[in-house]
Each structure stands twice: as C-alpha cells, then as structure tokens.
Amino acid sequence: MADPGVCCFITKILCAHGGRMTLEELLGEIRLPEAQLYELLETAGPDRFVLLETGGQAGITRSVVATTRARVCRRKYCQRPCDSLHLCKLNLLGRCHYAQSQRNLCKYSHDVLSEQNFQILKNHELSGLNQEELACLLVQSDPFFLPEICKSYKGEGRKQTCGQPQPCERLHICEHFTRGNCSYLNCLRSHNLMDRKVLTIMREHGLSPDVVQNIQDICNNKHARRNPPGTRAAHPHRRGGAHRDRSKSRDRFLHNSLEFLSPVVSPLGSGPPSPDVTSCKDSLEDVSVDVTQKFKYLGTHDRAQLSPVSSKAAGVQGPSQMRASQEFSEDGNLDDIFSRNRSDSSSSRASAAKVAQRNEAVAMKMGMEVKGKKEAPDIDRVPFLNSYIDGVTMEKASVSGIPGKKFTANDLENLLLLNDTWKNVAKPQDLQTTGRITDSGQDKAFLQNKYGGNPVWASASTHNAPNGSSQIMDETPNVSKSSTSGFAIKPAIAGGKEAVYSGVQSPRSQVLAVPGEATTPVQSNRLPQSPLSSSSHRAAASGSPGKNSTHTSVSPAIESSRMTSDPDEYLLRYILNPLFRMDNHGPKEICQDHLYKGCQQSHCDRSHFHLPYRWQMFVYTTWRDFQDMESIEQAYCDPHVELILIENHQINFQKMTCDSYPIRRLSTPSYEEKPLSAVFATKWIWYWKNEFNEYIQYGNESPGHTSSDINSAYLESFFQSCPRGVLPFQAGSQKYELSFQGMIQTNIASKTQRHVVRRPVFVSSNDVEQKRRGPE
C-alpha cells in the first residue's frame, strides 16, 4: 500500500501545477529515486494517479495526471449520511454570485473545509490540499463540474442527433463515458471531449482546453480499464453489432492514436479499438515495424502497441469515398463563403481556371454592407477591406513555425487539392477514437478546421497520446508589419488566431496513419509515406510555459534541413497539423520600445507591432492579424458595443470569438502597471451598467445615482495587483462589492447586481505617430 502522506503530497504538487506534470518535473519537486517514485505511483493506482507515456523523437515521456474518487454531493439539501463533499462548486471555482459576506444566502455551503468535509477529505487522503488545489483536482475528476449533458443526444451518424432546438447548448457526449461506466468500445455517442463544439461550451463554463484534456485522459483511462483489449468485439445483439458503416461520427475520422496506460491497467498496453481486424490484416503488413520500436516501456514489463493503418485500410473505394467527402459539410453554414470540391479523385485534377475560381471563392467577402436589416442596439457594423492579404511571413522560428515561408495562392491551391484527396482517402470507417480534435466541412473551409481533424504528419509539433487523447497547440509567432492585415490571405489563404482563452498544460500525443497512396498526382509527390514520431509540449494557463511544460524541441539545423529539402511538403505538413494549443504561449504584450524608438533587444520576448494593440484570429496553427484593426479596436473601446458584424460573421467581444472561432487582443502593458514607461501603455476605463442598459464610468455621476468613491485608475491598480479579488467601495450611502473574476458589482443591502466591463481608451495610428514624434 502506498504511503497516504506521500500520495497526498504528490497530489498537492500536481494540483499546484495544473493537475498534470511530467515524471521528470515531478522528480524535480520530490527527492525520491525515479524507480521508487514510479513504483509508488503504480501502487497508488489509477484512481489516484493516471500514468501516461508519450512517444516522441526524443524517446518516451512519462506524465502523471492527478485524480480522485472524492465527489461533490449533488443534492441541494442532504439529510442522510453521505460520503460526498457538501460545498458550492461555483464558490470553489470563485464564480459564485454571492460574495463572502452573503454566503448564507447561497443554498450550498461555502465552508469548503468544514468539519464534515475535512473528514471526507481525510478519508480520501486529501486533507493537505488547500481550496485552489482541491478545486483543480475535483474539476478534472468529478463529472458534476462538467456543463450539462444533453439528455436527448442520440449519437453520431443520425439524421437528428438530438431532439433539442438547434443549435443545442448542451454537451453532445456520452454521459456514461464521463462517469467511467460506458461498456461500449464502439459507442454511438461521442467520447470526444476535445471536439470543437464541446470545447466551445466548456470554455463558456470556465473550463480551459488544458483542463478538458486532463478530463479526457482520465476518462480514457477509466474506459480502457472497464473494457480491456480482450473484450473489443461487440456482441452482435447489442446495438446491431459493430458494422463498419453504422456510424459516421466525426470523432472516428482518424483512429490511429495511442494510449499508453499504467502497467497496472494492462500488460499489453492499449490501442484504439478495431472493429474488423481481419479486414485490415493485409494493410497492416505494409506498415513499417520500426515505428513501434520507438515506444519502449521504461521500468515496466509492458510495450505500447501501435495500430497503424495504411491507406489501403482506409476504405477509399466506392460510396465510402463520396461519404467521406460529404461528411465534413454536416453543419455547412459556411458553404456560401467557401467552395469545396465534393467530387472523386478524377475531378480533383482541376484545370487552372477551375482552381483559380475555387481560390477566389475561398476568400471571405468582407466589408460588403448589409442592407435591409434593422440595426441592433449592441451591434456595430465595421467596414473591412475585401478578402485576405497574401504573403504573410513568420518572423520567429519555433518548433511549429515556418520561418521565412510565405503563404501564396499556389500553396493554397495545392493545399485544397490535398484536402480533397485526404477527405476521400483517409477516412477509416467506424473506428472509435476518443479525445480526438474533430472537424467539420465548414471548419475546414473557414479556418482549416479550428481544432483540426486532418492528417497529422507527426513533426516536432505533433503529439502522441492515450486512446485518441490529443492536445491543442499554439505557437504564437510574430508577424511582420507588412502583414498586419487580415484574416491573412488574399483570394486563397486564411490567417490565424487564438482566443483569449487560456490554455493547455502537459504532454499528450497522437500518431495518425498516413495514406501511402494518393488519388491525385498533386498528392502523390507531397504526402509522406510513413508516420513520424512526435513530441509534446504544454504550457500552463497562466502563460508561463517553462515550469509546467515539457517541450521536446527540434534543433534548428534539423528543422532547417526539413524545410530546405522539400519546403512545399514541409509547408503542407505544418498547415495540416491539427494539434495546436489554445493557450497564451508566446508573446502576450506588445513591445513599447519598438513603438517608441525601436527595440534594441536581439531576442525580445514581446510582440513587435506598429500599434499598441493587435487583434488576431487563430487559423491553421498560427495567429493571424485582422485586416482593419483600428475599426475593431474603436468598436471594442465603446462599452455599449458587444458585437461587430462582418457580413454574416460576427465578432463577439464578450466571448472573444468570431462566430465560434476564438480571437484575441494583444496590447501594451497597463498604464497602472507600468506608469514610468507609459508613453504607449494602455489606459483602461471601468464601467458599470445601470438599469437603463447604459454604461457609466466609475467616478462619474449618473441620473439617480451618486458617484462612487473610486475611479478607473484606482480599480485598474487594484485589478493589476489582485485580478481575482473582491473590492468593497461606497457610492453615497450605498455599499457595494466588485468581483473582478465575475465582473459583477453587488449592492450589499439590496443584493442588486450590475454588469461591469473594462475597456481601453482608443488610440488611432495617427495618435501613435504623434506620440512617437513627441510634443511639437
């Protein structure tokens, strides 16, 4: 039996680092020999620590995810003996509307460490955790913290996935999977928590992709333990057997992802389910066995098993071709913007005129004024220049970057042809893959699928992970001033963006089968013939990639040789890699020195841009600049404007999204944070919303309301020092509390709550030039 005190200490360390660490990082915090620590984690079991092994070019990387069997009681009033924690989950996450002084009004307990809760934590050997660490552990272990799951969700591959009005705002995932009691390896309901739509709902409920990934890996582990490899074959009388054509779930599009389970789980490891092993036998013989040798176990008796599938096993003939091509357009709400080739391989050999037509159709029609529609009060229509801008160049090299490579219309032509072929070639039918970042047709057209789903040429930026577990990556390169435009393409290429959502932590991986055959000449000389191993990296939600990340880098010489040997192939492999992170890894601030007189640092870690703000959208695997940033910024600076319409696409400043795709705003540091170097610092104004839906600046008077004893400068200063705090203040005889985390102002006496927003002061490009010249 593992020592309870040591296990509690290890859990405490893991939760202090986001709930997940590599074994090497954990060894740096605990003075134990590696063999002893690994044995302790194995002895504690997968109900305490989920052990994952990630294969990459540098070898095997082992990581540990903290979990627990402790649960929060779901009853509002529990009168019977209960072994669950009794607390307010929103308060645990810092999001309860009731402030600490009004906690008696909440129907759930705010006393996290009450005598009863402490005894329960002690029974689960968690008594040493503080509130923040306990919150981290429970969020990724207890399904009670997930958003509501749709009760009428019927599964994928049906004409109607659920009976709710569309779009459904609930999670379309298997509820039994989240609880660890799903008995179906080929479950009709999705096991993919990393699906784009699922992630969008998760973010709206405060769960970052990093946390969701941890939940995915824990659920994968439970599912694999409940359904060991010996029970893969589905019973023919249950759900109609495992017919290969019965399911069209998007999260089964690519199946060749690995799960490296704890040796306690399975001595043979676990691969993805294969409904029809015999049908793939011939194809598997074509796959090189050398790849499997890279996933050697360390200190165990196990070997991780690869299940690669060549293009012959992908089901590329007949109706399945057309079905694979058409499945991506299930949601097709962007069909009016992008033209997609739905024909077979012969039609993909388009003439130059057809290719030019298609490239022209790819460009988004921006800036066309919409007429005949009544303007909503909170919507501002911003004129954008037409289409995209060509020739975006990366300034900085990174593991997932392409230094000095420009996207051109010709590149996109090849990319589109490759996409069409891949849709027809690489779709294994009815293969259950959990934790996959999926895509749909319109995503592929608009953002080259925001969360991917295309083949992964496992380069330095791809990941290998358990049972389909995959990770979103984000490398934030600087973009040259000449390419400050746009969604970043001319009539052919979409640029990229990431959300203000913070993100991911820790290694996870994915190795996908690469088709050995192509259906068009264009693909045949560009597709790699065998999957490469991959590395992983992870950054904390706080944006500090070092401490909480394990980054297996590739030397510049190797990366350069790959690019120079076949730059087009390298470009396509880079673009088609769907594993990117939606966190704040990379530059988070704009360099004021660059704005003023030029930055003298040779390796500046801040973004060099000609404006003190920078609006970007995540496309492919990089952040790309919007075209008319001043118009977006001017609208954002007005607290009354919540939406900007770009033709039929809207930017939502509350959710920081363009349609459902994330956006972000980089800026210079706050004026209150760095007042001594404040020439180009961002000045923030704080507003509260009155009963007439008018935003009133703090410190200003409004009809029927006395001005408060605080102003924007005071609020900003307090916010910079304590961004999750609660600030008490007074306006006349009324006393209030302002919650920075919830951006809510609460009247202590009447309990009335008001919405609070924080917006910058608008600075135009002319203002920047004037400040740069100085006073005349």
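Quick reminder: no glycine exception, Cβ is built from N, Cα and C everywhere.
Copied over from Swiss-Prot:
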- Ala2: N-acetylalanine (MOD_RES)
- 2-254: region 'N-terminal domain' (REGION)
- 69-76: motif 'Nuclear localization signal' (MOTIF)
- 73-86: zinc finger (ZN_FING)
- 88-110: zinc finger (ZN_FING)
- 150-172: zinc finger (ZN_FING)
- 169-193: zinc finger (ZN_FING)
- Ser262: phosphoserine (MOD_RES)
- Ser270: phosphoserine (MOD_RES)
- Ser274: phosphoserine (MOD_RES)
- Thr278: phosphothreonine (MOD_RES)
- Ser283: phosphoserine (MOD_RES)
- Ser325: phosphoserine (MOD_RES)
- 344-353: compositional bias 'Low complexity' (COMPBIAS)
- Ser351: phosphoserine (MOD_RES)
- Ser398: phosphoserine (MOD_RES)
- Tyr501: phosphotyrosine (MOD_RES)
- 523-546: compositional bias 'Low complexity' (COMPBIAS)
- Ser544: phosphoserine (MOD_RES)
- Ser667: phosphoserine (MOD_RES)
- 671-758: domain 'WWE' (DOMAIN)
Separation of alpha carbons, Ser667 (phosphoserine) and the residue listed as 'N-acetylalanine' (Å): 49
Neighbourhood of Ser667 (phosphoserine) by C-beta distance under 8 A, where only residues 6 or more apart in the same chain count: Glu589, Ile590, Pro612, Tyr613, Arg614, Thr682, Pro760
Cβ neighbours of the residue listed as 'N-acetylalanine' where a neighbour is any other Cβ within 10 Å: 17
Residues of the zinc finger (169-193) by DSSP state, where helix covers H, G and I: 5 helix, 1 strand, 19 coil
Integer average pLDDT (0 to 100) for the zinc finger (88-110): 79
